[in-house]
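Following: one structure in structure tokens, then a few remarks.
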Amino acid sequence: MHVLIAVSIVSFCAASWVANRDSAGAYYFAQYRAFEFLLGALLALREFGRPARASRGADLVFAIGLAVLVACALGFSSQSQFPGWGALGPCVAAVLVIHAGRRARFSRYLLDNPVMVLIGKVSYPFYLWHWPVLVAARKLDLLDGHGATLALLISFCFAVLTYLLIESPIRHRPMPAVRALVCFMGVPLLCAGAIAGCARMTDGFLFAYPAKIQNDVRWSGTALFDMPRAKRCWSKVEVADERSCVLGDASAGDKAILWGDSHAYHLIYFFDQLGRSEKLAIHDVGFTLCPPIAKMPPLPGEPSYKEDHLRCVAHDRAVMAHVMSRPDIRTVFLAAAWQNYQNLASAGQNGHGFQPGELEAELTATISQLRAAGKRVILVDDVPMIPMELVNCDFNNDLFFPVRRRNCEFDASIARTQHAPIGAMLERLANTHGARIMHTFDVPCTDAICRLDFDGLPIYRFDDYHHLSVAGSTLLYDRYMARHPGEVPALLGRKLVDEARGDIRPDQIH
């Protein structure tokens with residue numbers, strides 16, 4: 001028992017630590033969830049063979065446990081740390097209910113009736129089934145309306161069948177321990193490993209999908225951030241090596257830098273074409289969750305961002321010092337998912353630590369420093385985020401048996417509304433502080449609709465609502481040039497566009 005107690009404490013401490021840094025890993029990896037199960041194991045060991053005597057104290061403990069469970073169910077939010085401290089409340093409450101339930105005099109009215117007994121018996125298979133059923137329903141876009149309720153009912157039915165046909169027969173079937181371990185642990189683990197290995201070697205059984213989906217996955221299934229180049233150039237605290245991380249014409253004397261977060265890096269093919277066309281060597285220095293400003297807030301509002309945030313602070317300082325020390329870098333492109341950092345609330349910091357208006361103030365300060373050093377500053381106004389129900393739209397339509405076909409487009413007014421506060425901020429920075437705006441946001445859109453494909457290839461990365469695919473990053477440039485002819489030379493000070501549009505003013509041209 002002492003060993004289990006020690007392992008539980010270590011697991012809990014590790015979960016609490018990792019939850020502040022990698023919430024996904026803390027949620028999925030068994031070592032961080034072990035303490036939740038071990039609490040039940042410790043209770044079982046303590047209670048084994050002990051008689052249960054009714055008492056008023058047990059009634060009180062039982063009531064406290066139920067109250068804590070209800071409070072956790074109603075009080076938790078997306079900001080609650082889970083696992084770790086957030087999991088401790090419901091787990092301890094469950095231990096109290098189970099421990100006191102054998103002794104509490106009124107527990108039989110709540111827990112001893114046939115309905116609650118059945119729910120208790122199938123609770124673990126229900127826990128196992130609900131996740132894949134809900135994930136499948138979401139992937140198939142079936143969670144609208146009563147879809148979630150129906151998915152839970154289906155999960156419960158599967159749980160009952162699992163209990164009756166698998167769990168109960170196995171529990172009551174006499175079998176030697178070694179054979180049981182081989183049959184119920186060794187064989188399932190071997191099968192799971194074989195399936196996982198096959199899936200990994202075949203890109204998730206891609207060969208079984210229609211040819212159109214196979215082609216689309218080649219263009220958008222692999223993220224730009226996972227490619228070999230990213231290992232050298234993406235999300236480095238220090239300034240990435242210029243010789244290895246240059247876009248466009250590497251031999252050009254006209255130097256530029258592309259500074260920003262993942263929404264800068266997902267434009268690398270766009271900027272590579274721009275640089276080749278304009279004889280410009282563009283050094284990219286993107287970093288995850290890191291807007292291109294000289295001074296970041298010292299700490300984020302969301303604890304799980306802390307590690308990346310502190311690295312971002314160091315990265316932005318390094319980039320700013322590098323740019324200011326290089327007179328040959330004449331152009332600075334600033335690109336980001338601006339909506340992540342622009343705090344439109346009336347008070348309080350957002351997840352990245354920005355107070356209302358702080359992003360614009362820090363961009364102003366950064367632009368002013370760069371302009372004072374003789375740099376040309378160009379703000380990239382990003383690309384639209386697509387509605388969540390349209391994620392993987394082309395893929396879902398091309399399945400052998402699509403559940404629901406959709407038009408892979410959305411109303412352009414959605415994009416305009418989404419972009420309005422960002423566009424207004426960028427315009428103020430351009431009009432007041434001499435920055436220039438590169439208008440990429442409207443490229444996938446007409447006045448009426450925004451499309452999700454270029455030439456039949458998905459613009460956005462698979463399973464992603466805002467990052468460009470390889471196809472999107474590659475094909476965006478020609479469409480941008482067609483949508484905004486003459487803008488790039490004007491941005492680079494090589495010729496004017498129509499002054500009536502107000503994009504470039506004569507006093508902005510060097």
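Every residue gets a Cβ built from N, Cα and C, even glycine.
Curation does not apply to TrEMBL; its annotations are automatic.
Annotated domain 'Acyltransferase 3' per TrEMBL: 3-162, in sequence order. The transmembrane segment feature in TrEMBL is assigned to 25-45, 57-76, 82-98, 110-127, 147-166, 178-197. The domain 'SGNH' annotation in TrEMBL covers 241-479.
Looking only at the domain 'SGNH' (241-479), the predicted model's pLDDT averages out at 94.
Below 8 angstroms of C-beta separation, residues 82, 86, 89-90, 92-97, 99-107, 110 of the same chain, each at least six residues beyond the ends of the transmembrane segment (57-76), sit close to that stretch.
Sequence-distant contacts of the transmembrane segment (82-98), counting only residues of its own chain at least 6 positions beyond either end whose CB sits under 8 Å from a CB of the stretch, comprise 12, 15-19, 23, 26-27, 32-33, 35-36, 39-40, 43, 61-62, 64-66, 68-69, 71-73, 76. Within its own chain, the transmembrane segment (178-197) has Cβ neighbours under 8 Å at 170, counting only residues six or more beyond its boundaries.
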